[in-house]
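Asks: First, the structure itself, so that you have it in front of you.
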Amino acid sequence: MAPGRAVAGLLLLAATGLGRPSEGPELAFTEDVLRVFGANQSLSAAQLGRLLERLGAAPQQGALELGQLHFNQCLSAEDIFSLHGFSNVTQITSSNFTAICPAILQQLNFHPCEDPQKHSVKPSFSEVWGYGFLSVTIINLASLLGLILTPLIKKSYFPKILTYFVGLAIGTLFSNAIFQLIPEAFGFNPKIDNYVEKAVAVFGGFYMLFFVERTLKMLLKTYGQNDHTHFRNDDFGSKEKAHQPKTLPLPPVNGVTCYANPAVTEPNGHIHFDTVSVVSLQDGKAESSSCTCLKGPKLSEIGTIAWMITLCDALHNFIDGLAIGASYTLSLLQGLSTSIAILCEEFPHELGDFVILLNAGMSTRQALLFNFLSACSCYVGLAFGILVGNNFAPNIIFALAGGMFLYISLADMFPEMNDMLREKVTGRQTDFTFFMIQNAGMLTGFTAILLITLYAGDIELQ
């Protein structure tokens, strides 16, 4: 039991002795309070002030003028003494301590000394829908990044950029789950339940093992030899390739034949964005382009994997929308934190989905269209999340989203972050560079969510 609640209970029991002889349990409880907070079985005005501070009922600023007493008037220790006819130098003993107990309990129950502006006020209807719609729109723009970033895939620096964003996604998703979503599911308050330090320890345990494991691998690994892997993948943008993978022909459309040079698909399902390009052949003349088949092949001729990815991504985005909507009904900072985590995760995932859809036989326009349509399911999830959050306790949604965030960060993106560099890393220096980039991404995401959690009560979104 919290110390403040224990003291409040003692005060209540002591107050029950009002008007009765000071004997029995009432006297024992009174003497306990006087022994802890007073001296020589008596209580001065200053010591009463410390008792009020311990109970969280002390005025934050100077004493207010006493007028007609009412339930929401903030009283200092001197005010309580004055109202009961005691001077500031009077020492309260057990015989008259019960007289001031009702005043202390009144201050403790109604908290009139708290700043009303500090109370957490739920966002208004327009704020929830406005900020929620804006956040989902920004997140959905990530689904269009494939078209913009496809030309950068073959750049030598692209693996470093992608590694940082994958690490950032891991840090934000994992931290948002342990700092925000899971505690909210259990009804914890970071200012009262003091779970933040324990959540930091949870992340610390994960990060410590990651750091030790990667360090040992760098120290013990013999570079320059072929690593034993269950798959092979080409280097990102490598110029030393002996030959390019064979292109896959797509059905002709309007007299134009498209050939998709697919991403390398490993047996374990990992996609490496190194050989994505589309060329067209018309009248026997080769022409490199992003894709001249704007209409694309028939939907029935597109690989099944494309529809599986689209449907799974739509469900994933629906859950994301649920989490965002429920978070914004709680507070704007909670919604912002969840949105940041989802945005960081969507960037590498949407890029990967775009490449998979191209590999399955879609044209660029079709891949963008279906990737964007699956992303729009986030709006549906947002609406459900807001409705549930406003009418019911959203704890179940927070628990569901927290578990999903843990799975995506630890079981999905974390192995992907390591596997994507298996053959890219050719020396200890290169391995160390990517290791530092991974650390920078994860620690950036962790720090951002931690700061939002710690200072959520001091940040105001107007």
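Positions of Cβ are set from backbone N, Cα and C atoms, glycine also.
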Asks: Tell me if the membrane topology in Swiss-Prot places K221 and S95 on the same side.
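Replies: No, opposite sides.
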Asks: Between the stretches 161-181, 192-212, 368-388, 391-411, 432-452, which one has more Cβ pairs under 8 Å with the transmembrane segment (133-153) than any other?
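Replies: Highest pair count goes to 368-388.
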Asks: Compute the C-alpha separation of N88 (N-linked glycosylation site) from N96 (N-linked glycosylation site), stating it in Å without decimals.
Replies: 15
Asks: So if I exclude everything within five residues of the ends of the topological domain 'Extracellular' (182-191), which remaining residues of that chain have a CB under 8 angstroms from its CBs? That is, six or more out.
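Replies: Same-chain contacts beyond the ends: 199, 330, 334, 394-396, 398-399, 402, 453-454, 456-457.
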Asks: Taking all residues of the topological domain 'Extracellular' (182-191) together, what is their mean pLDDT?
Replies: 82
Asks: Between the Cα atoms of N40 (N-linked glycosylation site) and N96 (N-linked glycosylation site), find the distance and write it as a whole number of Å.
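Replies: The separation of the Cα atoms works out to 15 Å.
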Asks: Under a Cβ pair cut-off of under 8 Å, which of the recorded stretches 192-212, 368-388, 391-411, 432-452 contacts the transmembrane segment (161-181) most often?
Replies: 432-452
Asks: Radius 10 Å, atoms counted are CB only; among the glycosylation sites N40, N88, N96, which position scores highest?
Replies: N96
Asks: Could you give me the DSSP helix, strand and coil counts for the topological domain 'Extracellular' (182-191)?
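Replies: Taking each residue of the topological domain 'Extracellular' (182-191) in turn, the totals are 4 helix, 0 strand, 6 coil.
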